[in-house]
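If you look up Swiss-Prot, you'll see Ser2 marked as N-acetylserine, on the strength of similarity to another entry. Residues annotated as substrate binding site in Swiss-Prot, with similarity to another entry given as evidence: Arg39, Ser266, Gly267, Gly268, Arg298. As annotated by Swiss-Prot, S-nitrosocysteine applies to Cys173. Under the heading phosphoserine, Swiss-Prot lists Ser350.
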Amino acid sequence: MSSFTSKFADELIANAAYIGTPGKGILAADESTGTIGKRLASINVENVESNRRALRELLFTTPGALPCLSGVILFEETLYQKSSDGTPFVDMLKSAGVLPGIKVDKGTVELAGTNGETTTQGLDGLGDRCKKYYEAGARFAKWRAVLKIGVNEPSQLAIHENAYGLARYAVICQENGLVPIVEPEILVDGSHDIQKCAAVTERVLAACYKALSDHHVLLEGTLLKPNMVTPGSESAKVAPEVIAEHTVRALQRTVPAAVPAIVFLSGGQSEEEATRNLNAMNQLKTKKPWSLSFSFGRALQQSTLKTWGGKEENVKKAQEAFLVRCKANSEATLGAYKGDAKLGEGAAESLHVKDYKY
């Protein structure tokens, strides 16, 4: 039983439930300056503040897109940015019924005593930062822990360390009014089969919920952002129905019914793959006490980015590409995606990056 008694408890529960509204999901636009620089470089656009702002403004002002979203995760820079007409992005999102979120981790560092496994930094001063972000309008937060599958990985040490880091982050967020998104990402890198991924996912999620319980985290005021259960990147692909079955079973075995929603990361899948897999999960006839939705970054932005190319004259077309993906994923949260989205440039290409750094 959680003994959590934050003054924010009712607000946390309401906001977590709202983010998990079927038909809506999260746009992850919280790429660090370095990561968004790589995205911009792929379309030959310079990584300067004005270009980063232009890309985010393109996304946030797309007609018809925001009704498909319940939240947008921002990088600290974007939390304080304004659109070209002077409207703060936070106000723009809130007026459209979209909750602003904030990435609060400080990236990964190697975990001593392991074979290249990592732990996530950012707990120092986290309470003060959360307080500041809440005052700036943020209502949820994200912290990414990263695990990998190998012959002996993930080690028990890495699982424990990352689970407890996520739990400490979660309770600090809740003390300061932010709904924590708990993100234990198991990288798709490797040649393992889907059964191996399922077994590891179950181990990791079980450890996370034990840690959250130990820290008295209010589960009704949290969200889970896991990987889908898939074969490794060097293995043969399987059908969306197979991914759906293995993923939902792993979640049934480990995620308490008190959690309102599970928002999947795309993990380097192509835009279309990620949507089809989410749709298959929502079509599955089985027990699902939580809503199943999306928190996609690359899988919502790739075709938009390619279409835009940094050119003002392409903004309208790029926004049309973004709307296509938003609508497709909105339908997938209802199990209603027909696979008929007009595929923009790059929509079918794998977005996998080995050992991905966010």
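Note that Cβ sites are derived from N, Cα and C of the backbone, with glycine treated the same way.
These figures come from a predicted structure and were not determined experimentally.
Swiss-Prot feature annotations superimposed on the structure.
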residue	record	CB count, 10 Å
Arg39	substrate binding site	18
Cys173	S-nitrosocysteine	33
Ser266	substrate binding site	25
Gly267	substrate binding site	23
Gly268	substrate binding site	21
Arg298	substrate binding site	24
### Task
Taking only the Cα atoms, work out how far Gly268 (substrate binding site) lies from the residue listed as 'S-nitrosocysteine', in Å, as a whole number.
28
## Note on the structure
Simplified to three states, DSSP reports Cys173 (S-nitrosocysteine) as helix
### the residue listed as 'S-nitrosocysteine' and Gly267 (substrate binding site), distance between Cα atoms, whole Å
25
### Query
How far apart, in Å, are the two Cα atoms that lie farthest from each other among Arg39, Ser266, Gly267, Gly268, Arg298, the residues recorded as binding substrate?
16
### Task
Would you mind reading off the Cα separation of Arg39 (substrate binding site) from the residue listed as 'S-nitrosocysteine', to the nearest angstrom?
29
#### Entry: Pairwise CA distance, Arg298 (substrate binding site) versus Cys173 (S-nitrosocysteine), rounded so that it is a whole Å
26
#### Entry: Coarse DSSP state, helix versus strand versus coil, of Gly267 (substrate binding site)
coil
